[in-house]
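Pulled from TrEMBL, these are the features on record:
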- 42-75: domain 'Connexin N-terminal' (DOMAIN)
- 141-208: domain 'Connexin cysteine-rich' (DOMAIN)
- 20-39: transmembrane segment (TRANSMEM)
- 76-97: transmembrane segment (TRANSMEM)
- 128-150: transmembrane segment (TRANSMEM)
- 185-209: transmembrane segment (TRANSMEM)
Amino acid sequence: MNWGVFEGLLSGVNKYSTAFGRIWLSLVFIFRLLVYLVAAERVWTDDHKDFDCNTRQPGCTNVCFDHFFPVSHIRLWALQLILVTCPSFLVLMHVAYREAKEQRLREAGGDNYRCLYPNPGKKRGGLWWTYLFSLIFKAGVDVVFLYIFYRFYRKYTLPRVVKCELPPCPNVVDCFISRPTEKNIFTLFMVVTACVCVVLSLVEAAYLIGKR
């Protein structure tokens, strides 16, 4: 990955964001993305390998693991982070479109050129709606994923022992999850930061509407 390009994109997003947007961006990329890449991803590397059931029946462990972990936390968080950051880059693309349009008009108009966007990054007209849509979309994505996590993992926690009686298990078997306490801590951290991001997005949307 070209980190120079990535840093340039982040600088552009930060430049055209409000104060609330800058706080949101810092929270996402420091407390969510970096925690995900540096720590959380490693915690789930052994989730299937160390999922033990007290039976040797072939297929029982795999069936029980699939039932209690229909989708990995890591994959859900990866999809969530991708979807929640894309709208910010959409705002950056809209500003770039304005700048390119202004350049074309300048070249075509010559001496009779009339400035259409004195400040391409100013949140007026279509850019205001794009920015507002990005805030609503980001908050909506986080809320949807919080609901998905709640549906898959009640109260966002993992038990130490789960009881499984699905075929081909011969009877009710006990299955043990690897490092449930550590996983619960990271899950709670990601849930709390997502809730804070939702609040920041809604506050910024209210600020944007009120300012207009």
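One is the number of the first residue shown, and numbering goes on along the chain from there.
Positions of Cβ are set from backbone N, Cα and C atoms, glycine also.
Heads up, TrEMBL stuff is auto-annotated, nobody curated it.
When DSSP labels each residue, the domain 'Connexin N-terminal' (42-75) comes out as 14 helix, 2 strand, 18 coil, counted as helix, strand and coil in that order. For the domain 'Connexin cysteine-rich' (141-208), DSSP puts the residue distribution at 44 helix, 8 strand, 16 coil.
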